[in-house]
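Engineer: First the structure, which I've put down as structure tokens, then a few questions once you've had a look.
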């Protein structure tokens, strides 16, 4: 069974605590040594997802985290309850910052990712230079919110031509 790991600082730094699947209220997190409103990044391996809530009792603003999240945007240092849910393991497409599958890499499961969501998972705007779909269908979009020029990627792409460092949103299926 896979666990998520929550971190006190962005980029997986600072104090860390592993959480197996389950529901965690503010009191339960405190009992595990996690102070209120201190979580800034989360590692989420295949086989689990996390839903982070702004308020205790699984209320308020929330984000669903399905892959490693280097930062949590509006919920940064603003999480009071968490659900960790087991999910079927799915293949993940791999994105690279440099051509020829080099540089920083980020794996994402099937889904739709806007620019803000890509940044949550560690992909800065206009930084993707090569892709390994790993059996998935990937569509790169030049603009945020799935608009502008597109590039379908169904096999390993060591270079992206005109879309090199020019991607702001992604669909993976």
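The backbone N, Cα and C atoms fix where each Cβ goes, and this holds for glycine too.
Residues or ranges marked as domain 'Beta/gamma crystallin 'Greek key' 1' in Swiss-Prot (evidence: sequence analysis): 2-46. Residues or ranges marked as Ca(2+) 1 binding site in Swiss-Prot: 8, 38, 40, 77. Sequence annotations record features per position, and here Swiss-Prot assigns Ca(2+) 2 binding site to 37, 54, 78, 80. As annotated by Swiss-Prot, domain 'Beta/gamma crystallin 'Greek key' 2' applies to 48-86, with the evidence given as sequence analysis. Here Swiss-Prot flags 87-90 as region 'Connecting peptide'. Taken from Swiss-Prot, the feature domain 'Beta/gamma crystallin 'Greek key' 3' applies to 91-135, supported by sequence analysis. Here Swiss-Prot flags 136-173 as domain 'Beta/gamma crystallin 'Greek key' 4', drawing on sequence analysis.
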Engineer: Taking residues 6+ outside the domain 'Beta/gamma crystallin 'Greek key' 3' (91-135), which of them lie with a CB under 8 Å of any CB in it?
Structural biologist: 46, 63, 65-73, 144-146, 153-160, 163-173
Engineer: Most Cβ neighbours within 10 Å: which of the binding-site residues 40, 77 is it?
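Structural biologist: Checking each of 40, 77, the winner is 40.
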Engineer: Specify the count of other C-beta atoms within 10 Å of the C-beta of residue 37 (Ca(2+) 2 binding site).
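Structural biologist: Excluding its own Cβ, residue 37 (Ca(2+) 2 binding site) sees 14 Cβ atoms within 10 Å.
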Engineer: How many Å separate the Cα atoms of residue 37 (Ca(2+) 2 binding site) and residue 77 (Ca(2+) 1 binding site)?
Structural biologist: 4
Engineer: Within the domain 'Beta/gamma crystallin 'Greek key' 1' (2-46), how many residues are helix, strand or coil going by DSSP?
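Structural biologist: The breakdown for the domain 'Beta/gamma crystallin 'Greek key' 1' (2-46) reads 9 helix, 19 strand, 17 coil.
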Engineer: Within its own chain, what residues at least 6 apart in sequence put their Cβ under 8 Å from the Cβ of residue 80 (Ca(2+) 2 binding site), listed in sequence order?
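Structural biologist: 26, 29, 36, 37, 53, 54, 55, 56, 60 - these are the non-local Cβ neighbours of residue 80 (Ca(2+) 2 binding site), listed in sequence order.
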Engineer: Do you know the DSSP helix, strand and coil residue counts for the domain 'Beta/gamma crystallin 'Greek key' 2' (48-86)?
Structural biologist: 3 helix, 22 strand, 14 coil
Engineer: Could you give the Cα-Cα distance between residue 40 (Ca(2+) 1 binding site) and residue 78 (Ca(2+) 2 binding site), in whole Å?
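Structural biologist: Residue 40 (Ca(2+) 1 binding site) to residue 78 (Ca(2+) 2 binding site), Cα-Cα distance: 8 Å.
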Engineer: Across the whole of the domain 'Beta/gamma crystallin 'Greek key' 2' (48-86), what does the mean pLDDT come to? Round it, please.
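Structural biologist: Across the residues of the domain 'Beta/gamma crystallin 'Greek key' 2' (48-86) the model's pLDDT averages 97 on the 0 to 100 scale.
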Engineer: Determine how many residues of the domain 'Beta/gamma crystallin 'Greek key' 4' (136-173) DSSP places in helix, in strand and in coil.
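Structural biologist: Per DSSP, the residues of the domain 'Beta/gamma crystallin 'Greek key' 4' (136-173) fall into 3 helix, 18 strand, 17 coil.
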Engineer: On the DSSP side of things, how many residues of the domain 'Beta/gamma crystallin 'Greek key' 3' (91-135) fall into helix, strand and coil, could you say?
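Structural biologist: Helix (H, G, I), strand (E, B), coil: 6 helix, 19 strand, 20 coil.
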